[in-house]
Amino acid sequence: MLNKGVVRQFLAATAGSLSIMNVGIILGWTSPIMEELLGPNSPIPMTVDESSWFVSVIDWGLILGSLPFGVIADRWGRKPSLQIIGPMALATWVALLFIDTFLGLLIVRFAQGLLAAGAYTVLPVYAGEIAGPKIRGALGTMFQIMMYVGILFVYAAGMYLDYRQLTYAMMVGPVLFCALFAAIPESPHFYVMKNKLPEAKKALVWLRGDETGRSVDDEMDSVVECICKEMRNASFTELFTDWVSLKALIIVQGLSVFRVMAGVTALISYASITFAEMHVDVHANKLSLVFACSVLFSALPSTVLADRLGRRPLMIISCLWCFVFDTAIFAYFYADRCTEYDVTEYGWLCVLAVGGLSVAHTIGLGSLLSTINCELFPSNTRSIANAVNTITLTIVSFLALKIYPVLADGGGMYRNYLISSLFSLCSIVCCVLWLPETKGKTFAAIQAQLRKTDDLV
């Protein structure tokens, strides 16, 4: 029989992760409509170069929204910071029904970037703080799983709906999030930070499934002691002046770069144009749907493996296989465009390599980054550190999404995967040398571990 507390924690994490599902919908929405937008009957005509701005302008919203959401999460709470995402998302989809200019489209995409910043910045903190140490890794993977659910939803709907119909369908996500997340409690850690101890214990009792409250007393005392110690030096500058926090920040920023540059981030937005170059007699949008399925279902094992195998081994395995598959995809596109070999009959091997890349990326780089980011920082810098991480992810994503179609134009798709393979190779080295193991440890134990050693291993 499942423990009531575990069930409630998964329910809370799933409801909160509906915010990131809406981000997945926003990110994936560009792929199925790209062919229509670039076609002769486009509702909003644009060039190939303009299409790259259409895809990547969302990142400017992410950059500008991350730090404000980090501050709001520490001042007003994790839950209110997430709740405003639902109405914002619904408003952007409604606005798209009335916009018929490229500039208007860019403005709405920028606004969607702002709300995505909230989900990226606040959700990992919320999920990490409501979770017990033994299932924190599993709950952390819900972040990526629900994002892929959103992407799969929009890819599937995009096979049958045009631009306007698809926009209507996207409104389901915000409505569902607003309805379900309203019943979920605030993070107990936030209540303790604000010295609201009765509210903190009430939230902890609900999350642990103990209606009497007796079994959560020890955990409550541990949380209070840990946060009181951390809040004595509460300062934004501690993130950069404390050597242990700074090293943790460098590790997480490095993982963020490797996560984006492994290639899957660009594939999500440009799946249709990538598959179109693989000489496979299947429509690119159908292959995009299969790709989204592989990404989603490969995230499910990481829910179990993160708390059994551990963060560090899983990340090393992920980076290693990303390197293998990125190299294979590079080899196919290079042979197709730069040699005399006829590789058209091997297109399915490239499709399989893309599927392998999505699996390899998802089991580690894709699913564990938010968990690791939450675990390596104390309560007083956790939200700000996550905001800084979101900005790093965003800047790198913007550059990757901007250059992907430019490099791919004229048969240069292989250049994208040469770059990805080199970054994946570097990620293996960095994880082996510097990534610590945090499996099954409380936040207090992790901080104690990090401060006992100078090399974070």
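Just so you know, glycine gets a Cβ as well, placed from its N, Cα and C.
What TrEMBL says about a protein is an automatic prediction, not a curated fact.
The model shown is predicted, which means the values in this text are computed figures rather than measured ones.
Which of 12-31, 232-251 counts as transmembrane segment depends on TrEMBL, and there it is 12-31. Cβ atoms under 8 Å from those of the transmembrane segment (139-160) belong to residues 9-10, 13-14, 17-18, 20-29, 31-33, 123-124, 127-128, 130-131, 166, 169-170, 172-173, 268, 271, 285-286, 288-289, 291-293, 295-296, 299-300, 302-303, 306, 362, 366-368, 370-371, 374 of the same chain, restricted to positions at least 6 beyond its ends. Looking just at the domain 'Major facilitator superfamily (MFS) profile' (8-439), the mean pLDDT is 86. When Cβ distances are compared across the two stretches, the transmembrane segment (51-72) makes no contact with the transmembrane segment (287-306), since fewer than 3 pairs at least 6 residues apart fall below 8 angstroms. Among the stretches 287-306, 346-372, 384-405, the one making the largest number of Cβ pairs under 8 Å with the transmembrane segment (114-132) is 384-405.
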